[in-house]
Each structure stands twice: as C-alpha cells, then as structure tokens.
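Visitor: Following this message is one structure expressed as structure tokens.
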Amino acid sequence: MEFSELIKTATVENVLLSCAGLPAVRGTLCITSHHLLLSSCPGGDVELWLLIRNVDAVEKRVQNLGWYQPPRTNSSARDTRLTGSSGTITLRCKDLKVLQLEIPGMEECLNIASSIEALSSVDSVMMMYPFFYRPPSLKLEEGWHQFPLEQYFQQISSQTSQWRLSTVNQDFSTCPTYPPAVIVPAAVGDEALRKAARFRQGGRFPVLSYFHPKNRTVMLRSSQPLTGPNRRRCREDETLLGTILDEGERGFIIDTRSAQAAKQARMTGGGTEPKSSYPQWRRLHRPLERGRPLQESFAKLVEACSDPSLSMDRWLGRLESSRWLSHVKAALSTACLAAQCMDREEATVLVHGAEGTDTTLLVTALAQVILDPSCRTLVGFQGLLEREWIQAGHPFHLRCAHSAYSHARLKQEAPLFLLFLDCVWQLSRQFPFSLEFGERLLLSLFDNAYASAYGTFLCNNEKERSLCKVKESTHSLWAWLNRPEEQQKLLNPLYSHNALVIWPSVEPQSIQLWQGLFLRWIRPSQHLDEAWAEIQRLVEENNTPAKESTGNRLSQSLSDHTAGMENRR
Amino acid sequence: MEHIRTTKVEQVKLLDRFSTSNKSVTGTLYLTATHLLFIDSSQKETWILHHHIAAVEKLPLTTSGCPLVIQCKNFRIVHFVVPRERDCHDIYNSLLQLSKTAKYEELYAFSYNPKQNESEQVKGWQLIDLAEEYKRMGVPNAYWQLSDANRDYKICETYPRELYVPRTASKPIIVGSSKFRSKGRFPVLSYYHKNKEAAICRCSQPLSGFSARCLEDEHMLQAISKANPSNRYMYVMDTRPKLNAMANRAAGKGYENEDNYSNIRFQFVGIENIHVMRSSLQKLLEVSGTRGLSVNDFLSGLENSGWLRHIKAVVDAAVFLVKAIAMESASVLVHCSDGWDRTSQVCSLGALLLDSYYRTIKGFMVLIEKDWISFGHKFSDRCCQLDGDPKEISPVFTQFLECVWNLTEQFPQAFEYNEVFLLQIHEHVHSCQFGNFLGNCEKEREELKVKEKTYSLWPFLLAEQKKYRNPLYNPDFLPELSLLEPNTVSFNFKFWRNMYHQFDRSMHPRQSVLNLIMNLSEQNKQLEEDIKELEAKIKQRNGQLDVVLVKEHQQSAHPAPVALKTPPCFKKEQPPIPGNETVRTIEGSNTADNRYSELVSEFSKAEPAVVSLEYGVARMTC
C-alpha cells in the first residue's frame with residue numbers, strides 16, 4: 001500500500017481553521033502521509049501540525065450555494081471566483097481537541113475528508129508514524145532498555161530468595177501476552193509453569209507483580225483459572241499459589257468481577273479458584289467496569305463536557321449518568337483494598353479479572369503508586385508503566401484504537417489506561433507534594449497512548465512488538481521525555497519525597513472531575529496556568545540556589561562599590 | 001448559668017462522622033456559659049460555641065450509651081455518646097436552652113471581652129468608614145449627593161442614615177418614591193463606577209399592583225438615569241423569577257411597567273426566594289451528610305438540591321449587571337421583593353467584579369459593611385441569632401461567600417484573600433461574638449449600642465491577616481477598574497468541600513498547597529527584606545568608606561587598599577529560614593478513615609492520625 005493512493009487532494013488553499021478558544025486562521029492546508037498541516041497565508045508559518053492518527057472522527061458538511069458570492073472588501077481575487085460551493089470538516093481528535101476546517105470547493109472538501117478518514121484508519125502497525133519518525137536529537141535504541149525486568153528482579157532478590165526470574169516464556173510460547181522473562185516462586189519449575197499456564201486464560205499464570213519491601217508481602221497477578229462447568233483443577237496451579245504461603249498464612253484473591261459474573265464465567269470455560277482447592281486463599285469480589293460500558297462512559301462524559309450550554313441540572317445529570325467518576329472511585333477503592341491487604345494485613349494478594357490484561361493491571365499498578373514512593377518519581381512511574389502496563393500485555397493497540405468521539409463500530413476499545421491516569425491524578429490532588437511529576441506527564445501519556453510519534457505504546461504485547469521490530473525501528477517515548485529540557489516541564493515543583501503510604505479518600509466529595517483532561521480544550525485555562533507559573537516561581541525563588549543568589553547580589557553590590565572606588569583612585 | 005445542670009461528663013465518646021468502623025475518641029465533655037468543650041485523651045480540644053448550635057438531637061439509647069448529635073451552623077456535626085442517659089439528658093436540655101437566645105443582650109458579643117481598652121474598641125469600630133468608601137468611589141460629585149432624608153430613620157427604618165441619591169432627586173421625590181416602595185426602601189446608590197459614570201442602585205419592589213403608578217418614583221428613576229451623562233437608558237433588574245414577581249402584583253406589589261418609566265430596560269434574572277434557598281441547603285446537607293454515599297447518589301443529590309443552580313443564578317445575575325455597566329455604561333437599578341437578600345447578593349457581587357478594591361482584604365470588609373450590614377440584610381433573622389421564626393432563616397449570605405469562592409477558584413491571582421478568610425467570616429456571621437452582624441439593620445444596632453458594648457470583627461481579622469492572604473495574589477492582575485469576567489458555564493461551579501466538610505478531616509487533601517505556598521512566599525518576602533536591609537547597610541558602610549577614602553587620599557598619595565575580605569554586614573545574624581521540611585507536613589493517611597475496607601471486617605487496626613487540617617477557629621473563639 002502506498003500512502004499516495006489514499007491522498008486524493010494533497011493541498012488546498014484558503015482554508016479557514018477554527019478551534020475553540022483560539023482565533024481562526026486562514027491558510028494553505030496540506031496533507032502528507034502522516035500529518036495534516038496548515039500554514040497561514042502571509043509568511044507561511046505553520047499554524048497546525050496534526051498527526052492524522054490523532055483524528056478520531058471526521059464529520060463533513062458541504063454547501064452547494066449555487067450563486068455568486070459577492071466579493072468581500074480586502075479580499076484577494078481568488079475569493080471572488082465563482083466558488084458555488086464550500087464545505088466544513090470537523091475533526092474530532094483522540095486527545096479530545098476539536099478542529100474545524102472550512103474548505104472552499106465541495107470536491108476538495110470531500111477529497112480531504114476521505115483522505116483523512118483513510119489515513120487515520122490505517123490499521124497496520126508498520127505503516128504508522130513511529131516507523132517513519134526520525135528526530136535528529138534522539139538515537140533509536142535510546143530508552144528501550146531502560147527498565148528491564150531483570151533490574152526489578154535484582155531489587156527483589158536482594159531482599160528475598162523466594163523468587164526467581166524465569167525465561168519459560170522466552171519464545172512467547174507459554175503465554176503470548178507475557179514478556180520473555182517473568183518473576184515466579186523459586187520453588188516452582190518451568191515445567192510446572194507451563195502446565196499452570198494451560199489452566200489460565202491466555203496462558204497468564206500467576207506471576208509476581210510487586211514486592212512490598214516494608215513487610216515483604218507480594219502482589220501477584222494472573223488471568224482467571226479455566227475451571228469451567230466441570231470444576232476442573234490443576235495441581236501445578238494449586239502448588240504454585242500454595243508455595244507462596246507459609247503454613248497457616250492467608251492470602252487474598254481480589255477478583256475484579258462480581259461474584260455472579262465470576263460464577264457465570266464457568267459456563268464459558270473460565271471461573272474462579274474454589275475454596276476447596278485453594279484453602280489458604282480468601283476471595284474478595286470487587287466488580288470493576290471494563291470493555292464497552294467503560295468506553296461508553298468515557299464517550300458520554302466527553303459529550304457532556306463539550307456542551308457548554310447545559311444548565312446546571314442537566315450538567316450534573318449527565319456527569320452522573322456517564323458514571324465515569326463512579327468508575328474512578330471503584331478503581332481507587334479496589335487498589336486501596338489490595339494495598340491494605342499487603343500493608344496492613346501483611347497478606348499476599350493475587351489480583352485477576354477475566355483476561356488479566358485490563359482491570360487487573362489497573363489495580364496492581366495503582367496499588368503500587370499508593371504503596372511505594374519509588375513509583376511516584378518521574379522515572380519510577382515510567383518504570384511502573386513499562387512493567388505493569390506495556391510489558392504486562394495491556395492491549396494498547398486494541399484498547400486505544402479509538403477515543404471518545406469515534407462513530408466507528410467499536411471493537412475492543414476501552415479507556416482503562418485513561419482511567420488509571422485519572423486515578424493517579426486524583427492521588428496527585430489529594431497528595432500534592434507526593435508525586436514527583438505533574439499533570440503534564442499524565443496528559444502527555446494519554447495523548448501518546450492514543451496517537452504518538454513514538455513506538456512505546458504500539459502493539460498489544462511484547463510478542464507483537466518483537467515481530468514488528470518496534471524496538472529496533474521506532475523511538476521510545478521515554479527517551480524523549482527524559483531529555484533534561486522535557487523533564488523540567490513534567491516535574492511537580494512541590495514534590496518532596498514521602499516515604500509513607502498515601503491512602504486517598506474515596507468519598508464522592510473527594511473525587512473530582514479531571515478538568516485538565518476532559519475540559520483541556522474547552523475551559524479557559526489562562527488564569528490557572530498563570531497561577532501555576534507563579535507557584536513555580538515562588539518555589540524556585542525559595543530553593544537554595546535562590547538563597548545563594550541573594551549572597552551573590554550582596555557581594556555584587558559590594559564589589560561594584562569597590563570597583564567604583566578603584567576607578568576613582 | 002441557670003440552664004446548666006451538669007458541667008462535666010467523663011468517658012464521653014466522640015464518633016467519627018464518616019468512618020464506618022465507628023471509630024471514636026474518648027474524652028471529657030465540659031459545658032461552660034458560652035461553649036461546649038470536649039477534650040479527648042490526647043488533649044485535643046474541640047470548642048463549640050452555643051450560638052453555633054443549629055440543632056441538638058438525642059438518639060435512642062444504645063448499648064454503649066446515649067448518642068447526642070449536635071449540628072452547627074458552620075456545618076460541623078458532632079456525634080457524642082454519653083455513657084449515662086441522665087447526663088445526656090441534662091446536657092441535651094442545657095444545650096437546647098443555651099443555643100436559643102431570647103434577647104440580644106444575652107448574645108456572646110455582649111459578654112465577650114478581648115482585653116481591649118475603650119479607645120481601641122472605638123478605633124476598631126472606625127476601621128471601616130463608609131463615607132470614606134463613597135468618597136473613594138467618587139461621590140458626592142456633580143450628579144450624586146448625600147441625602148439627609150433618612151437621617152432619623154424616618155423614611156426607611158432598615159436603611160442607614162446616610163444615603164446617596166441623584167442631585168436632581170428632591171426630598172418630595174424621595175418621600176414619594178419611598179411610599180411607593182415596599183418597606184420604604186426607595187432607590188439609592190450602592191456603587192458608583194467613576195470611569196463609566198454609571199451607578200448600581202438598589203431598592204425594593206414597587207407597590208404597583210396591576211396598574212398603580214407613582215409620579216415621584218418615575219421621577220426618581222429618571223433622576224438616576226439622568227445622573228449618568230454617558231447613557232440615556234438604564235436597566236431595571238428584578239432579581240426574582242418572573243412568576244414570583246407577577247404573583248406579587250396580586251398583593252399590591254410587583255414590578256415596574258416599562259410603559260410608565262421612560263428609558264428603562266426591564267429584566268428578570270430569576271434568583272429563587274429565601275424559602276427555596278433554605279430547603280435547597282437542607283437537601284444539600286442531607287446528601288453530603290450521608291454515610292457510605294456512592295458517587296451517583298452524591299451527584300444526583302447535588303443536582304436535586306438545586307444548590308449549585310442557585311449559586312450559578314446569582315453569579316449570572318451579577319455578570320448581567322456588570323456587563324450593562326462596563327459594556328454599555330448604563331446605570332442599573334437592582335431590586336427583589338424587599339431589597340435586602342437577592343439585591344444584596346447581586347449588588348455586592350457586581351461591585352466585586354467591577355472594582356478590584358473589593359478583592360482586597362480591607363475592601364471585602366468594606367463591601368460587606370456597605371451592601372450587607374448597612375443596607376439592612378437581616379442577619380439576625382437569616383442566621384437565627386435569636387429564637388425566632390424558622391421560616392426567616394436562609395443561607396443568603398453563605399451563598400454570597402460561595403459565589404466569591406467560585407470566583408477565587410477561577411481567578412487564583414485576582415484576590416488578596418484566601419478561602420480561610422471567607423470561612424472565618426462565615427464562622428463569625430453565626431458566632432454572635434462580634435457586634436457587626438447583630439440585629440437586622442443599623443437602627444437596631446444603634447438601639448443595642450453595639451458600638452459601645454461589643455467589638456468589631458474587622459480589626460481582629462486584620463490583625464491576623466497573614467493567615468488570610470492569598471500568596472498568589474497579584475495586585476496588577478488586571479488594570480484598576482477593569483472587569484473580572486467569570487465564565488459561568490456549569491462545570492465551573494464546584495461543590496465547596498471546605499465549607500460543608502470543613503470539620504471532616506478525612507475528606508480533604510492530606511497536604512495543603514495553600515499552606516505551603518503561603519509559607520514559601522512568606523519566606524521569600526523575608527529573604528527579600530533581608531537583602532534590602534543588608535544592601536542598605538552596605539551602602540551606608542560604603543558611604544563611610546568613601547569618606548574615609550577621601551580623607552586618606554588627602555593624607556597620603558598611596559592609600560592602603562581597602563580590604564573588604566570579611567564584610568561585617570555579612571555577619572548579621574540571618575533569621576533562621578525554616579527549611580521546607582517544617583512546612584511540608586508530609587502525611588500518609590489512615591486506612592481506617594476510608595471506606596474501601598468495608599467488607600474486610602477484620603481490618604480495623606487504627607493508626608494515630610497525623611492529619612491536621614482544621615482552620616484556626618477555636619483560637620479566636622476561646
């Protein structure tokens with residue numbers, strides 16, 4: 001396939017671009033294989049540089065005017081031509097921005113719209129922009145091997161010898177969605193792992209997700225066991241979970257489905273761990289929404305946010321009926337429960353839902369942010385995302401194929417990663433000094449998960465990434481974000497290390513709408529930005545260099561004076 | 001004291017309102033003449049002023065004792081469990097008596113003694129001078145003058161003595177107009193915008209019924225209109241919903257008929273009345289006080305209460321008002337029914353949007369003195385200072401503060417004061433500890449001799465203004481007298497958690513950005529001052545050196561080089577700059593505070609709470 005086949009009209013002149021909150025710009029529109037560009041007429045400055053992959057939905061409206069448009073004052077000759085028709089294209093982007101293009105000429109308008117539609121729905125990973133993006137300042141391999149699981153394993157093995165790094169999945173044959181290396185109980189051999197994998201959906205056998213250094217408890221994650229209607233058992237799976245617990249010790253299984261849903265799953269071959277076969281484990285059901293209902297919740301919320309004419313009652317009503325904040329509360333509560341089991345009850349926890357790639361990861365990742373200060377640093381958080389989302393096999397390609405606006409028939413889209421980011425944002429609001437990074441990182445992660453110039457969120461799992469040679473042929477987002485000048489923008493100026501567990505309040509009064517994301521392009525934010533800049537200035541002024549500089553100022557005024565005297569002499 | 005039978009009860013439990021594990025602290029309850037005091041085992045004190053108590057309720061006896069629930073006007077709710085029913089009954093009865101006062105003279109303000117001498121007391125009352133304030137606005141001038149018509153409260157009892165009216169409004173016009181207005185509250189000046197030469201005027205509804213007219217009243221409005229040289233027409237804003245205003249016509253009241261008044265543009269803005277507001281707040285509190293609330297119950301409860309809708313309506317009305325003044329240079333006359341509730345809200349909020357002075361600490365005090373206190377907002381009735389008609393109670397002033405809070409959220413740098421200031425004012429509007437808010441109007445306060453027998457709140461707030469300063473305040477945020485234009489799209493109005501859950505610690509962020517920033521900016525200021533001081537010293541010293549140098553120059557051809565190796569000024573002891581560690585009270589928090597543990601009943605290991613987020617309320621009241 002050639003991109004040029006998809007581009008029916010590459011340039012149109014005299015296009016009017018408008019975007020909420022900004023003055024409209026007139027210029028030349030240009031479509032390339034991955035970008036939509038608009039450069040303003042005089043001077044030719046680029047006003048818009050939009051990744052076409054970022055377009056979620058294209059709406060077009062054409063008007064066949066059929067009469068002569070009277071020439072406007074101060075307009076060029078081109079304006080006075082017999083246009084006869086024009087069209088408007090509304091681009092709704094995955095980052096929730098909405099753009100409008102007014103294009104003279106009906107045919108051009110339709111061509112542009114269909115080109116954008118075709119280019120934005122290219123589904124082949126290898127055709128995506130990250131495979132073509134070559135920024136001069138970055139090296140290809142940079143950032144890809146910054147967070148190897150081996151490194152995390154070394155941290156653990158320095159404190160306990162009960163775990164080992166297994167390469168049973170080296171060739172992705174045991175579990176196609178796991179990375180090549182996983183951390184498993186030292187007492188369980190690879191053969192047993194292979195058998196246990198056959199008893200878990202998608203082969204996702206229980207692996208270590210987090211080791212809590214404070215009291216040496218662990219959190220595991222897996223997918224559901226394939227007990228099925230005949231209550232199948234698997235000795236290896238039982239041993240695997242059994243060896244983790246000492247005699248008399250108790251573990252908690254947090255199932256992210258309701259008890260009934262878990263029971264029903266037996267009819268389709270899934271199920272839960274029955275008490276009789278796993279006597280030391282206690283099951284807790286905490287239903288979390290995923291899949292289509294979550295995607296619809298997201299779409300409803302975004303729709304409510306983009307209608308400024310809503311009365312207060314309608315606004316609150318739609319905020320409620322979207323149920324998004326309920327999902328935030330549920331996710332936070334469940335993560336807190338997992339954290340509480342470990343930190344307070346000193347018990348081992350196993351988290352799973354059905355496939356173990358969605359709500360499971362939401363809970364395990366969130367629990368670590370709550371428990372562990374090292375996950376709350378800029379680099380530590382990236383490591384957590386790499387370990388618990390990307391390498392753990394959250395299917396980003398499927399889940400983030402479309403965002404809130406798409407009219408396309410939804411397949412497997414669901415904003416679980418966004419829900420995670422929202423929960424982290426809630427934590428940052430309740431503990432404003434405890435996270436080293438600010439809202440900007442979270443926004444940037446959201447944007448990049450849905451459309452990116454970097455390869456980090458491409459594909460669904462490590463196996464696919466290796467087949468597509470993502471790590472060899474694209475740049476890593478982390479390499480970009482960790483450049484010092486970028487890092488500077490992402491840091492939270494108020495941060496100071498907090499070694500404690502941060503238990504959030506999950507009362508509805510404490511959970512807020514993430515305006516910075518959902519109203520990013522809608523609310524006027526100038527005053528808030530300025531206030532934030534002022535906070536930053538105050539903090540910087542207060543930092544030691546500032547205190548030193550006062551000394552400098554003083555010695556300066558001293559030496560100035562001496563210099564003056566020297567001159568006089 | 002005759003109401004107090006039991007002054008001290010031991011082994012009383014104070015329950016945490018939002019914890020499901022029935023977490024509690026045990027301590028001793030004391031009853032004094034003015035306060036209820038609870039000291040828990042860790043010596044933490046909870047003071048509750050009797051006047052703050054809105055309701056006391058004795059719940060059915062349980063195995064652990066007799067529960068006593070106290071609801072306060074500052075939205076604190078405390079839940080005690082008293083071991084013996086007899087004690088509980090005694091306290092309950094005492095509180096019922098003590099929280100309801102029959103006479104003004106029994107209010108706390110008349111016994112409160114802050115150890116000020118008489119001249120300080122007098123000076124305190126002079127701190128806010130409204131005559132000075134009108135002068136600041138630019139009146140009297142060629143169009144507006146001070147009227148002595150109400151000097152003896154003869155025309156309107158609920159207005160202040162000093163009123164500003166158009167120069168062309170003669171006394172007969174004033175008298176005639178006042179007779180045509182509900183409670184005699186004729187149109188007077190509330191705010192004068194000197195750049196636009198436009199005025200905000202206020203009054204009550206006309207007694208127009210279905211067809212009545214009053215020539216003097218028509219002249220009065222014409223006079224206001226003509227007092228504005230830049231615009232021919234004026235707006236008349238009726239802040240009530242149209243239906244209510246029409247219903248009033250049947251009772252001989254109503255609204256201005258555009259045909260009878262020349263050059264007016266009449267507009268309804270639809271703010272609901274005090275009864276709707278009272279029940280709306282009631283619903284809001286029911287929702288927010290529910291334990292184990294789901295997000296959807298909360299949001300639908302918030303919606304059903306209508307509270308945020310009312311807040312938005314008030315801000316919308318104020319925006320309409322200021323647009324007329326700022327964009328069209330038109331004067332605006334605002335009224336509702338009696339002109340002391342919605343009118344006060346809209347006039348004061350409008351002035352706040354127009355004039356940056358009211359966004360300063362002192363200016364906000366002036367604004368409250370002018371549009372609320374002097375123009376007779378019925379604080380006594382609305383805040384239930386005396387045992388009276390419950391139908392007169394209404395959170396009109398609370399709504400005003402909440403509107404201001406919403407503006408501070410939208411414009412973090414436009415206000416000199418912070419949220420704590422608003423909360424503290426709210427606290428004292430209900431505390432009856434200071435004389436400012438006593439009674440319903442100026443006349444009543446004069447009769448009570450408030451200025452001789454009680455103290456003014458403002459000097460006390462001013463004395464501790466450090467606590468109330470917004471560290472992000474930028475006085476040059478907008479040029480003087482330029483309009484603050486809030487966005488009133490629904491999502492900009494938020495539930496004011498720090499007002500309605502001020503005392504529910506577990507609900508708030510565990511780390512306060514405001515406090516940190518306040519400390520940082522305080523430290524920076526200190527540093528800046530130190531530098532200035534040191535620089536001045538260096539200058540001074542160098543000046544001396546110059547003299548020495550000149551002298552030396554005269555004495556010898558080769559003066560010794562001036563050694564400045566250890567400038568003595570550096571030796572000045574620097575005030576210890578508290579490191580950030582002291583400021584950033586880093587806290588984890590307590591799982592037991594939260595409800596995610598509900599089903600795991602074994603999880604109830606409590607941790608000592610380290611969170612301290614209370615506003616310095618007790619400090620001022622005790």
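Cβ atoms here come from the backbone N, Cα and C positions, even for glycine.
Please treat TrEMBL annotations as automatic predictions, because they have not gone through curation.
As listed in TrEMBL for this protein:
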- B:CYS336: active site, phosphocysteine intermediate (ACT_SITE)
- B:ASN273, B:ILE274, B:CYS336, B:SER337, B:ASP338, B:GLY339, B:TRP340, B:ASP341, B:ARG342: substrate binding site (BINDING)
- B:510-544: coiled coil (COILED)
- B:124-500: domain 'Myotubularin phosphatase' (DOMAIN)
Visitor: Can you tell me the CA-to-CA distance separating B:ARG342 (substrate binding site) and B:CYS336 (active site, phosphocysteine intermediate), as a whole number of Å?
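Guide: Each residue's Cα considered, B:ARG342 (substrate binding site) and B:CYS336 (active site, phosphocysteine intermediate) end up 6 Å apart.
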Visitor: Using all protein chains in view, find how many other C-beta atoms are within 10 Å of the C-beta of B:ASP338 (substrate binding site).
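Guide: Counting Cβ neighbours of B:ASP338 (substrate binding site) within 10 Å gives 20.
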Visitor: In angstrom units, rounded to an integer, how far apart are the Cα atoms of B:ASN273 (substrate binding site) and the residue listed as 'active site, phosphocysteine intermediate'?
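Guide: That comes out at 9 Å between the alpha carbons.
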Visitor: Let me check the 10 A CB neighbour count of B:ASN273 (substrate binding site). How many other CB atoms are there?
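Guide: Other Cβ atoms within 10 Å of B:ASN273 (substrate binding site): 17.
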Visitor: When the pLDDT values for the domain 'Myotubularin phosphatase' (B:124-500) are averaged, what is the result?
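Guide: A mean pLDDT of 93 is what the predicted model shows over the domain 'Myotubularin phosphatase' (B:124-500).
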Visitor: Return the residues near the residue listed as 'active site, phosphocysteine intermediate', defined as same-chain residues 6+ apart in sequence whose C-beta is under 8 angstroms from its C-beta, sorted by sequence, else 'none'.
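Guide: Looking at Cβ-Cβ distances below 8 Å from the residue listed as 'active site, phosphocysteine intermediate', excluding near sequence neighbours, one finds B:SER204, B:GLN205, B:ASP238, B:THR239, B:ARG240, B:ILE271, B:ARG342, B:THR343.
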Visitor: Most Cβ neighbours within 10 Å: which of the binding-site residues B:TRP340, B:ARG342 is it?
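Guide: Counting every other Cβ within 10 Å of each candidate, the maximum falls on B:ARG342.
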Visitor: Starting from the Cβ centroid of B:ASN273, B:ILE274, B:CYS336, B:SER337, B:ASP338, B:GLY339, B:TRP340, B:ASP341, B:ARG342, the recorded substrate site, name every other residue in that chain with its Cβ within 8 Å, sequence order please.
Guide: B:SER204, B:THR239, B:ARG240, B:THR343
Visitor: Can you tell me how spread out the substrate site is, meaning the largest CA to CA distance among B:ASN273, B:ILE274, B:CYS336, B:SER337, B:ASP338, B:GLY339, B:TRP340, B:ASP341, B:ARG342, in Å?
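Guide: Answer in Å: the longest Cα-Cα distance is 12.
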